Structure formats: structure tokens, C-alpha cells
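Heads up, the thing below is written out as C-alpha cells.
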Amino acid sequence: MKMITTLAAANDKKNKVRSILVMAAVFFTTLLLTVIATCGYGMLQSQKANAGRFYGTYYGAYTGVGEAQLARMEQRGEFQKIGAMATAGEVENRADISLIYSDSNVLEMTNQKRNLDQGSFPEKENEITASPDFFRQLGYDSVKPGDRITLNSRENMSQKYKEREFVVSGVLKDYESNIKGTSFYGLVSRAYYNSVIPDDSHVYTAYFQLSDSVSISYDTAEETMKDLAQQCDIDPEGVSINDYYLMWKLDPGIENITICAGIALLVILFSVVVIYHIFQVGIAQKVQEYGKIKALGATRRQMKKLVFREGMLLALTAAPFGVIAGYGIGSALTRVLMMESSSAQPGMPPLEMVSCFNLPLLIFCGALSLASVWIALKRPMRIVAKISPMEAMRYQENSSPKKMRRSGKALSVWGLTKSNLTAYRKRTLKTILAMGLSCVLFVALSSFAGNIDNEYNARKEVEHGQFVLSLDYSMNDTAYPENNLDNILRHNPLGQETIEKIKKMDGVTDVTSRKYLYMTVGNHTHSVLVLDREDFEKQAGEGGILGDMDYEKASRENGIFYGWSSFIEDSGYHTGQKISANLEDGSTNKDYEAVIMGSFGNLDADWAITEDTYHKLGLENVNANGTIWVDCSQEDLDKVASSLENLTDENDHISMDSYENQLNISRMSSRALQFAVYAFMAVIGIISFMNMANTMIISIITRKQELGILQAIGMTSGQLNRMLQMEGLFFSIGTLLVSFVIGIPAGYVIFHYAKTHSYFGMNIYHFPWIQILAMTIVVIALQLILSWLLSRNVKKESIVERIRYQG
């Protein structure tokens, strides 16, 4: 066994070129696999670590919970942590401001402990903690712990407001000025709550976490919580689940893992092809040497072990460096992605940076790289094991039967080039295919990455003008029903009065709006868009549609359309289904029966109807606007933005965005995506280029004596250079032809699929000629450099030394 290892190491040392190429291929393969695994693991860890920071760590909440029901919850082992929150009154103000009592567990599970900036939470009856925005609404611009404030509050609608004085015990961080996103609140103590709310009127919202003993997934969470509510005599309709937190915490990231696994499989495929071909070509060169070893008594098993150890010694040398480099690059990339993601979400708490280090995962990446080498060596091992000593002594790589050359035609440089390429047809074809496949992948992915339209992507978010004002609403917020769409539409902050204010702003050139409706189907509530003909046809052309998207027919038959084609079946609906609903616009409600005629790819609401259907139903509330778009000239952007911000500051149910902001976000995201795609393809290209380099190097080594003889009988150095360049150009042109013939159609198919499924920024197909031209220049340039280096290397040896060369 030791002798085989020694012999394998000696072979690797002697075949330096092959060893360097194999180690380089293994290094880049391991590097890519480690980068992919590190980034994937890092994003999953970030997802889990930051879910609680963004959305709180509670699983759900029960509303309308009394003291007895709270006690029953505490007796059950299914609940790991329970906290109580209650409304202690409302504050007289034009904004919606509440006084809230939260116990220690609620403060922890809703991140308020983490978001405390100064001081402490209230304990005494006259203490209060709130955000700077809360105090600003009351007229206090700069508040610190110990300051005194005065406000008017009442406990319920039957009471009059009463003036109260509080001492500020703490101040929350600015970015959490509105933890629910739609209402301001001040935190008061248990003592204050008990003093203003009678004992028999104590009603809480119970926040909770479930224990590990409860088998739960994101899909079953709501049903499980309702079952537990019934067991505690709590109304199951009062269940509110923490959707986003559960989705991030309980979802194992299957999509993330699938993408990473797919890319890793692609890397392994390319590395196996390249490493296999490098060994295959090397074996053809050393058949006689392996035959001699066989003649000395080596068994088939020992010959297999010899080739296996030759490859594994090289792989074991290169793989650790690939893991180290890959982890460093992967960690840096993950950190950059997390920082950019955090900067793209203003107003949210900063992301917690997580460690990407996972020793078993890094070991697995190294093992996966070694496994790819083992797969690549399988066939070369079988070939070497079958070599017989007698066949090996007679073996010539190009010893296939040939007709005798009868012509007396003089040899030319092109003739010699063609002769060499045709003598090794299989090797030539395999090299072209290996290089060509990597270029096919580049051309195909360029049709995706190169066709990202940032302007189009921004216009999907801000459909008209320069600014968009939208209602910030919920659908089933049982804890804060005032945040639900039906309640907001009754006192719509985006009504006609707001539109008139905007039209009078200096610099505004145009204002357009879109109606939103509230729809009830059985016990379920939904949002509904009202689309005019232009917007209907525009949305229908975005891709991902289902059914008959005919505006005229839909208006004639009062049809309705689902908003998200990918989820229509999961929601229990299908095209052609008849539904009975009730539509409400804030002032009027109408019974509505309709057939689901189709589904859009993705909308900003659950459903959509046409503008004609809206009018036919008799819903004419001019204040039922859900979105307002504002346009202005480029010179007036800052001025109009400032005016709109002042307007939105007056109401917390309005969110504002701009076309410029969405364009910057899209550009940042597309740059990150394009960088990742092209960097990945560059490494794949390097691995594949080694295949061509190996083929040309082995070709020169095996023909060193032949080239020496040719130069001895008159071939000049210039002719030798041209011959090597022609061979390289043949590989390059073959590679490019393969990439064009397969890659261009494949690229269009990828683009069409991405557009049909409404992928990021896919709008109009543009032929990726810049990327293809760049690829062509790089491939030819690398080949010319390689040919020049090989020619230079050959000329370092004298003609006599080359003629004496025996391989």
C-alpha cells in the first residue's frame, strides 16, 4: 500500500503540468462550493436571527382574554411563554394615540425591551415610556427621562377626556416610533392600568410562544392556535398569528436550499468533466508506462488504486485552500448582502450580523469536492486496470487504421494543424464540448441578467408619476381593528379632500388615483382593486396570468379576477368558480355574485374588478381611494417630496414612496444579481479553460519529438507559432459556435420563462450582444496568450533535445 502511494506521488511530481491543472480545478471547485454553501447558510441564519428583530418573537396573540382564561393558558404545557397586554385608554389628539399596559413578557416578545433607548419602563402609576414620535404628536419635541408631560385621556367612549400628568421614565428608539406601523402608543404601568380599569373589566390581548412539544408548521399554525384557544375557553376567531415571524422561523428555507443545491450540482458537473478529461488525456500519453507497471506484477485493483491516489493526493492538497478561500469570500459576500438589505429598509431596526461559520458544512464542502474528483476518476481507473502489458508496448494514441497517403502534395502549416486535430478527434471534440458548455451557460444566463430592466421594475412599484401614496392597512388585525381596511375606508385619509390638497401643492403637475374596496366572502375578508381599461390591460400583459383576461367581457359579465395566480389554488379558488360576496367602499355596501374569470400574476390586492363593474354595482364613493400617484417635473422633485412628507406625517395610515427610490433599489439589487451571475460564470469559465489548456499542453508534450524533427527539416519558429495558434483558434471557434447554437435559443427560453412568471425586471428581450462580444474577445484572447506561452516554452529547448525526447 505504501509503495502505491509513493509511486502515485512520484507520478504527480513528474507530471507537473497535469498536477497543477488538476489542483487548480479542485481549488476553484471547492472555492465555489464553499462560497455557495457559506452564502446560503449565512442567509438562512440571518433570516432566523432577524425574524424576531423585525416582527417580534411571539407566535400569535388571543384578543378578548379575561383573567380566568389567562390562568387556564398558564396551566397548559403547550405555551412556553405568555404575556398580557391591555389598552388603558386613548389620548385626545388628531392622530390615533393609545395608552397601553404591557407586562415584561410582552415587552420582550414585541422587541420593546430591545428598542428602549433611554431610561426604563414604567413601574409607578404616573410613569410613561414612548417613542419620540409619540411625544412629538403631543407637542414635546425633545424629551428625556425625568421630564413631565401633560395629556388628556379617557378609558372608553362613554367618558370625557381628563387631564393627566406623567413622568417620562423611558424613551424608545426612533425607528420603532410605531411598532404596529399604524398607531402611536405610550406604555404605562400595571399600577396605572389597575387604577383606571375596574378589576371586573380587565380584558387582555395574550401574546404567547408555543413550546417545542407542539408540532407546528407555518401552514398549520393558525389551526393549532385555534384548537388551543377553544381548550382555554377563548374565542378562536380572536386569534392573530405573527405571520412573517412564523414564516421565517418555521420555514426551513427549502427554496434557498434548492437554489444552492442546483448551483452546486452544476459546479460539480463541470469540475467532473474537466478533471476526467485531464486524466483521460494524461493516461493516453502514459499508457506504455502503466503497461510496464502492469508487467512488473501489479494487479487490476492496484492499478485502480494507483490512479485513484494520483488524483486524491492532488485533491487533498488543493481542497483545504479552496475551503479557506471560499469561506472568506462567502462570509464577505454575505455581510455585504446583509448590509445592502438593511440599507434598503429605512425605518427598520438594523440587521444583526450573524456568523457564517459552520465546521460540518465546511467539511462537507471539502468532501463534496473530493467526491467530484472520485467520480471523475472512475472511468480513467477502469481504463488503466484493463491495460495489458503487450497492448501497452504496441500502443500509439493515434493508431487507428488509416488509408495510406498517396498524394505527393507538400505539407503546409494548416495541413499539419488539421492532421493533428483529426488524429485526436475524440479529444478535440470533448475539449470543445467542455469549453462550449460553460459558454452556453454564460450566454443563456446573460439573456436573463442582461435583460433586467430597472426602469420597468421601478414602474411596477410606482405605476404613474414620481410619487405614490398608499393606504397602510391590515385585513384581520383583531388586536387593532382600527387598522383594518374596512375601518380606514370609512375615514379615508386618501379621500377627495387629500387629492385637492395635493393638486394645490407648488410643483405638482398631475394627480391620479385608484379605488380600493373591502370584500367579505363568508368569514374571510379581502382587498379589491378597481382597474380601468388601461391599467387592466397593462397588468394583463405582465405575465403569469390565468384565464380569460378580456376587459369588455369582464365588464359585461361583472367578472372578478384573483390577484396572485401562483396562490389561487392554495387559497381554494379556481377559474370558473362562482363566489357570493359583499363589497364595501367605506360608505356603501353591495351584495355581489361573480364568476372568477382569471387571475393576474401579482397585484397589490387580493382581487380586482373592472371600473365598469364598479359603476354598475352602484359603488360611487369618491373617497374610496387606496392609491394616489403624484407627478411633477425633475426640478421640483425635492420640493414636492417635502410637501408630501408633511402631508403623510399628519396621518399614520398613509405610506409614501417615490419612483427615484424604487429605481435606486432596483439598480442596487440588479447589480448584486449581475455580479453574482458573472462572477460564478467566470469561475466556471476558468475551470473549463483549464481543459483546453491541458489538451494543448499534452498535445505539445506528446509531439515534442515530432515538432523537433519538423523544425530540423525546415519549419521556422513563425510557422510553429502559427500552427499552435491555429490549433487554439480551432478550439475557440468550435467553443463559440457551440455556445451560439445552443446558448442563444436557451437564453431566450430562460428569458421567456422568467417574464411569464413575473421574475425580477423582465420586460422586453434584448439580444445580449455586449456580453457575447465580451465573451468572444476573452475566449480568443486567452487562447492566443496560451498559444504564445506554449510556443515560447517549446523554443526554450534546443532542437536536438526535443528530437531526443522519449516522453
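Glycine is treated like the rest: Cβ placed from N, Cα and C.
Going by TrEMBL, these are the annotated features:
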{"type": "DOMAIN", "residues": "263-378", "note": "domain 'ABC3 transporter permease C-terminal'"}
{"type": "DOMAIN", "residues": "679-798", "note": "domain 'ABC3 transporter permease C-terminal'"}
{"type": "TRANSMEM", "residues": "20-44", "note": "transmembrane segment"}
{"type": "TRANSMEM", "residues": "256-279", "note": "transmembrane segment"}
{"type": "TRANSMEM", "residues": "311-337", "note": "transmembrane segment"}
{"type": "TRANSMEM", "residues": "357-377", "note": "transmembrane segment"}
{"type": "TRANSMEM", "residues": "432-450", "note": "transmembrane segment"}
{"type": "TRANSMEM", "residues": "675-701", "note": "transmembrane segment"}
{"type": "TRANSMEM", "residues": "729-754", "note": "transmembrane segment"}
{"type": "TRANSMEM", "residues": "766-790", "note": "transmembrane segment"}
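As a summary of secondary structure, the domain 'ABC3 transporter permease C-terminal' (679-798) carries 100 helix, 1 strand, 19 coil according to DSSP. Of the recorded ranges 20-44, 256-279, 311-337, 432-450, the transmembrane segment (357-377) has the largest number of C-beta contacts under 8 angstroms with 311-337. For the transmembrane segment (20-44), the partner stretch with the highest count of Cβ pairs under 8 angstroms, out of 256-279, 311-337, 432-450, is 311-337. Away from its own ends, the transmembrane segment (256-279) comes close to residues 18, 21-22, 25-26, 28-29, 32-33, 36-37, 39-40, 43-44, 307, 310-311, 368-369, 371-373, 375-377, 379-380, 430-431, 434, 437-438, 441, 680, 684, 687-688, 690-691, 694-695 of its chain (Cβ-Cβ under 8 Å, at least six residues beyond either end). For the domain 'ABC3 transporter permease C-terminal' (679-798), the model's pLDDT averages out at 81. According to DSSP, the domain 'ABC3 transporter permease C-terminal' (263-378) comprises 96 helix, 0 strand, 20 coil.
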